[in-house]
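So the structure is just underneath, and the comments pick up after that.
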Amino acid sequence: MKTPLGFFVDRPLLVNLLLVLIVASGLLATQQIHYGTMPRIDLGLVNITTERPGAGPEDVELSITVPLEDELLEVDGLKKITSNSMEGISVITVRIDPDAGDKRQVLADIQKAVDRAGTRLPADLLERPLVEEMSTLEVPVMELHLSGPVPESVLRASARRLADALREEPGIASVEKVGYREREVRVLLDPERLQQLRLSVDEIRQAIERRNVRASGGSLTSFVAEKKVLSVGQFDHPRQVETVIVRAREPGNSVRVRDIAEVVLDYEDWQVQSRTDGRLSIALLARQKAEADGLETAAVVRAFVERERANLAPGVRIERVNDISRFTYDMLDVLGSNALLGFALVIGCLWLFLSLPLALWVSLGLGTALLLTFALMPVVGLGIDVMTLTALILMLGMLVDDGVVTAESVQRRLEQGLPPRRAAIEGAGAVASPVIVSTLTTVLAFLPVAFLGGLEGKFLWTLPVMVALVLGASLGESLLMLPGHLAHAHGRRATTPPRRWFLPVQAGFDRFVLRAVRHRYLTLTLFVAGFCAILAYGALVMRFDLYPEVDIDTVNFKVELPEGASFDYTIDKAAELEALIRARVPAADLLNIITRIGHHDTDMYGATEGRNPAWALLTLYMRPQGQRETDSNELITGLRAELSALPDYRRIVVEPLKDTPVAGKPVELEIIGNDPARFTLADRLADFLATQPGVTEVWTSYKPGKDIVELDFDHQALADRGLSVAAITQMVAVAFDGLLVDELQQVEERVRYRLQFRAEDRGRMETLRNLVLINDRGQPVYLGSVAEIRVRPGEAAIRHYLGRRTLTLYADIDRARVSVQQVNQSLAEHVEQTGLLRQHPQLRLWYGGELEQQRESLGDIGIAFVVCALSILVVLVLLFGSFTQPLLILAAIPFGLSGVIVGLGLQGEPLSLIALIGVLGLIGVLVNDSVVLVHALNRQRARADGRLDDQGIADGTAARLRPIVITSLTTVAGLIPTAYGLAGSSPFITPMVLAMAWGILFGTLISLVLIPCLYGIEQDTRRWIGTRASALFARGDDRRPGD
């Protein structure tokens, strides 16, 4: 009966046809596959944003946040609810439990909860709460910045036109305008004139609302036609509000708005101002559609910019900023360049050991496996992004492992003189089992990544899937197609001469292994001692940091000035800081410095710390790492020291934009409870942290806000004088920020109307104390006669954790001196030893930030490692039919990890999460080499009547030297260009590739010597157990009665 190997070997036309189909499918897939920067994942986050202009943080908390939270806390399937109540805005962030069954149902329940809370929300909300599900698609694909020495009206018109045009481009889902102020008509009231005419604010508000109406009166039907009856009272022009009649006294003698106020056509007050390289700008943030291709969308935007340059108004310039597609292009460039270099090195390694035809066919198998992987990726819903490219780079050297083992087995039989067809079938068949098992164990080694929790798990889940695809494609090519190619690679020539240079190397290695096997217990002792020494070295020089700082291209500067600083003052101080940064960064390395005045939010998924005219965010964009001389870490270290000494700034935080999904700070302690004692507790813990080694900065989430003016009403006096709290609230709003009373919707934009006192009369305590109100009877009433006025300091934001007020204690650390775990452990021990929680039983603590993320990420990975190790053990047991030999193979893994410690230690790299993923790949390679070697020794032992002597073990190991060395060298050759940036580097993947390359170098050498020794020890153990058992049975036979 013909075997599957023989079937394909005897049908070269079928094999070649399969090759053509794979190449065509792979090339077609590369044109149709989805390209993007980040994998498309659901973050499990929902933001609920509600705006109420003019409301203070406490008002927002009690009137908006609390009602919404009350309903949300009843929703099943939520893991955490946090909120931030700030001036004029409430932001609630809901994290959905990853274990929730139906996430769509949870989202629907969240929307229902928000709708239920609507009956308790203030009636004067301009818009309903906005519920947004966060995903990686929320990150803008690109920003377009409009600036120039032109009036703001010109910038606004250009931004509006370009935003409308950009929305029509293919792949664009939305365009957000930042730094774009809405038009506003300010009705500047004269308070003295209002008092003279006995006019109330409510009377003016109602007059404007009644006049500005556009409504339908239904249809007018006749026998001839049907006509729509439309009642139009809407303003034709924003300034037409001047003509509104507030009070009609007698015909021809009415009080109009222009009689009591000055009408000014203006813009709303600055909330957020955008500045590009020091110039006032409006930023357009383009987001792509869910089904759109990221690289194509970015290309569309770039083409759009070039096309529209000629159509811009004179003086207006447009710049592309933060084009995130460049990360994908950089990764593609790194992959392409290093793949070509690695491919050349792989061919060189193969040619050193194999005949040229075999080396070429194995190398061709690498490209075939890659194209087959590309063809399969759309089937499982994967595209080209940072994570899938990382997996391809990691697997680049391993793609030829199966082919190398198969080709070397065929080569050995050709060297023995077998015909090509027989050599191909027997050679491939001899290694089929270990090759299949090796592939399966490598896939199982990466499986723990799928069990990662938190954001890392969402981002990294594609790695094990890609590993399975890549190795599956390589396995299929090496067992089904490669033997057919190798059978016909040498034509009719029946023999292939061996590589002469390798024979003395193999002989010398045979003698060395024989000496090690003869002294196997001493050899094992030396290995154990060396491993312990390397562990001690690692404990001294290495540090464990899941999220180390790398040389990144983007740096954020979060600026806070003393409370009360004006918007214009913040602009001036931000400009000074920008000039200082420019002086420290060479012009050739700098791309842009983008400034946002009014906030310092850095969360790319929408979380906000609020708005404050004393805050600013400066973002420094530099050229990619390989194209600049400036090291971002050195720059950050120098600037932190320099900026901390600057006067006039309350606080400046310098932090790199992380290229890992890190959420939070090294220390992020939530002090939860409504009791004000949380402030005292936070101060005491902050004092403790400030004394800890390695802690560089300590602060809390408390930020002083505007002073709160409290009105303590005498309700009896209110009733006696015919006033209501609502009327007084309106009047107070007019005296300060103003009262939005109506809006005019035009075709291009919306214009709002704001009632406000004149500039000289508003925003002052004197105005409030002397404020005169007009009651229902048209009589003037002084505010002071019905209310007592008190002033107290306020908070800029009030934060909640699961419905209760919270204060967060933050700290940054020097990761070279202390780890996240160490500093949090010290803090927890201090709390326990001092009994702080026992002193404040109404408060509780929650350790969040990086520590929480590590708990979520690594919480299940320990169990996953055990499950995967057991799975690998089961597979090996099924292959070898033994329990001891799989343990022998797994015992070599810890010794191979010593290479990781040495490699990372010499390079000064910490043991990070990314490096740990490289360790998983290393485990796969080590198991592969050991499986091939043990399988070969078992075959040789079977031919030697069930036992190998020391010489037999040495000979068997030497016979497998070539395939093991080839697979290791090709794997390392594929990794070295990326590990050391020979053709471009990526800080994100360097630790992973570095750990794997060094581990393979060490692991291969260790396996080639340690495995034969362990194999001999296993035989000794079997023989000893057999001898002892025989002796026991013999002793039992001697004691039988009657003998």
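Positions of Cβ are set from backbone N, Cα and C atoms, glycine also.
As recorded in TrEMBL:
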TRANSMEM  334-354  transmembrane segment
TRANSMEM  361-380  transmembrane segment
TRANSMEM  386-407  transmembrane segment
TRANSMEM  428-453  transmembrane segment
TRANSMEM  459-482  transmembrane segment
TRANSMEM  521-540  transmembrane segment
TRANSMEM  861-880  transmembrane segment
TRANSMEM  887-907  transmembrane segment
TRANSMEM  913-937  transmembrane segment
TRANSMEM  964-983  transmembrane segment
TRANSMEM  995-1017  transmembrane segment
In the same chain, which residue numbers or ranges, 6 or more beyond the ends of the transmembrane segment (913-937), come under 8 angstroms Cβ to Cβ? 394-395, 398, 401, 405, 431, 433-434, 437-438, 441-443, 445-446, 448-449, 456, 460, 463, 467, 546-547, 660, 857, 872, 876, 879-880, 885, 888-890, 892-893, 896-897, 899-900, 904, 948, 953, 956-957, 959-960, 963-964, 967-968, 971, 988-989, 991-996, 999-1000, 1003-1004, 1007-1008, 1011-1012, 1015
Among 386-407, 459-482, 861-880, 887-907, stretch most in contact with the transmembrane segment (521-540) (C-beta, under 8 angstroms): 887-907
Leading stretch by Cβ pairs under 8 Å, where the reference is the transmembrane segment (887-907) and the options are 386-407, 428-453, 459-482, 861-880, 964-983: 861-880
Checking distant contacts: for the transmembrane segment (964-983), what same-chain residues at least six beyond its ends satisfy Cβ-Cβ under 8 A? 334, 337-343, 345-346, 348-350, 353-354, 393-394, 396-401, 404-405, 408, 626, 925, 928-929, 932-933, 989-990, 993-994, 996-997, 1000-1001, 1003-1004, 1007-1008
Using a Cβ distance cut-off of under 8 Å, indicate which of 361-380, 386-407, 861-880 has the most pairs with the transmembrane segment (428-453). 861-880
Other same-chain positions with a Cβ less than 8 Å from the transmembrane segment (361-380) and lying at least 6 residues past its termini are 19, 22-23, 25-30, 32-34, 343, 346-347, 350, 354, 388, 392, 399-400, 403-404, 407, 465-466, 469-470, 473-474, 476-478, 481-482, 485-486, 489
